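Undergrad: Have a look at the structure that comes next, please.
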């Protein structure tokens, strides 16, 4: 008799995805981030659901309702800070996951990679809308500044902005719709994640060598389930460390002041995980140019499969490309730092140089390095 997990229509899908899945025997801890992101997404949906039970999406009571959650709801402070810091954890894991994909050439699975880019955009949109909900100063002004960027679109821009606002400024209508979208988006993300996995399981996982691993596969369970559990423990420990000891470390103090349309904060800036893109946006003096650069900074990921000119898939045996990838990583750290600084000398110049370096490295230097390595290896 066939085992139930191999015959039952529903359990069979889970079996082929997480139990009997043939997996390369040499994948490293860098392959843990996918499952960690899955757990993180589940945590965000659960904590978010409990927060939504007590939150009111109204400009007069939104700020008070968040305060009420922290003060009066049983373990409300824990749920709120798990949700806020969970977003930071999510982005740390996403950036590491993307970095792994770039280093090991996982972007050659173009369908999986492109769905991943769509996922990144969806997660960024969700995080932005979530940041508006507590209705603090930075929530309000962040929403005003970022939505206002759409007015740079020729002809339809101003109308589009007012349509998104639901009026002539960020107000009650904006908050209500942002709450509605923030609630529904994670479920769209879950659907996208399933598509992401569907396409990944069509080809099988990549591995550190970048070579075909069909001849050496092992079942996902128990080898990688136990390895993933170690990742969960590390992530859980880090999240609790953050939530219980310094929950406001990554937040903005301005968001503890209720939103006031008559008083602009001295430095309007988004959460830390958007700062690199914000720095690129600010480094271009023209509004439309800045918006285009902002979009390009994320959408450039979709070009990786085209820009891959090396005869090898992974960077494991390509030291020049490795150096450039670390230059790119350092450059992103610099952009993140600049995004949080005021718009004054010397930060403007550093931001502009870092923005140029970002695009130059990806579009020109890395493909050139690949060609050079091919030449050196006489391939």
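Using the three backbone atoms N, Cα and C, a Cβ is placed for every residue, glycine included.
When I checked Swiss-Prot for this same protein, it listed these features:
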type     : residues : note
BINDING  : 83, 182  : heme b b562 binding site
BINDING  : 97, 196  : heme b b566 binding site
BINDING  : 201      : ubiquinone binding site
TRANSMEM : 33-53    : transmembrane segment
TRANSMEM : 77-98    : transmembrane segment
TRANSMEM : 113-133  : transmembrane segment
TRANSMEM : 178-198  : transmembrane segment
TRANSMEM : 226-246  : transmembrane segment
TRANSMEM : 288-308  : transmembrane segment
TRANSMEM : 320-340  : transmembrane segment
TRANSMEM : 347-367  : transmembrane segment
Undergrad: Far apart in sequence but close in space: which same-chain residues, 6 or more away, have a Cβ under 8 Å from residue 97 (heme b b566 binding site)?
TA: 33, 34, 37
Undergrad: Could you tell me what the rest of the chain brings near the transmembrane segment (320-340), counting residues at least six beyond its ends with Cβ under 8 Å?
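TA: Answer is 99, 102-103, 269-270, 272, 274-280, 282, 310, 347, 350-351, 354-355, 357-358, 361-362, 365-366, 369-370, 372-373.
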Undergrad: For the transmembrane segment (178-198), I need the partner stretch with the highest count of C-beta pairs below 8 angstroms, choosing only from 33-53, 226-246, 288-308.
TA: 33-53
Undergrad: Give me the non-local Cβ neighbours of residue 83 (heme b b562 binding site): same chain, 6+ apart in sequence, Cβ-Cβ under 8 Å, ordered along the sequence.
TA: 44, 47, 48, 51
Undergrad: Say we define neighbours as other CB atoms within 10 Å of the CB. Which of the binding-site residues 182, 196, 201 has the fewest?
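TA: It is 201 that, of the binding-site residues 182, 196, 201, has the fewest other Cβ atoms within 10 Å.
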Undergrad: Check the transmembrane segment (226-246) against each of 33-53, 77-98, 113-133, 288-308, 347-367 and return whichever range has the most CB pairs under 8 Å.
TA: 77-98
Undergrad: Under 8 Å between C-beta atoms and at least six residues away from its ends: which parts of the chain pack against the transmembrane segment (33-53)?
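TA: Non-local partners: 69, 79-80, 82-83, 86-87, 89-90, 93-94, 96-97, 100, 130, 182-183, 186-187, 189-190, 193, 228, 231-232, 235.
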Undergrad: Excluding the flanking five residues on each side, which residues at least 6 beyond the ends of the transmembrane segment (77-98) place their CB within less than 8 Å of a CB in that stretch?
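TA: Contacts with the transmembrane segment (77-98): 30, 33-34, 36-37, 40-41, 43-44, 47-48, 50-51, 66, 69-71, 116, 120, 123, 127, 130, 235, 238-239, 242-243, 247, 250-251, 271-273, 301.
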Undergrad: Rounded to a whole number, how many Å is the Cα of the residue listed as 'ubiquinone binding site' away from the Cα of residue 182 (heme b b562 binding site)?
TA: 29
Undergrad: Quick one: Cα separation, residue 182 (heme b b562 binding site) versus residue 196 (heme b b566 binding site), in Å?
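TA: Spelling it out, the Cα of residue 182 (heme b b562 binding site) and the Cα of residue 196 (heme b b566 binding site) are 21 Å apart.
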Undergrad: Please report, as numbers and ranges, the same-chain residues at least 6 past the borders of the transmembrane segment (288-308) whose CB is under 8 Å from any CB of it.
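TA: Answer is 98, 102, 105, 107-108, 110, 113-114, 116-117, 120-121, 124, 149-150, 152-154, 276-278, 280-282, 355, 358-359, 362-363, 366-367, 370.
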Undergrad: Please state whether DSSP places residue 182 (heme b b562 binding site) in a helix, a strand or coil.
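TA: DSSP call for residue 182 (heme b b562 binding site): helix.
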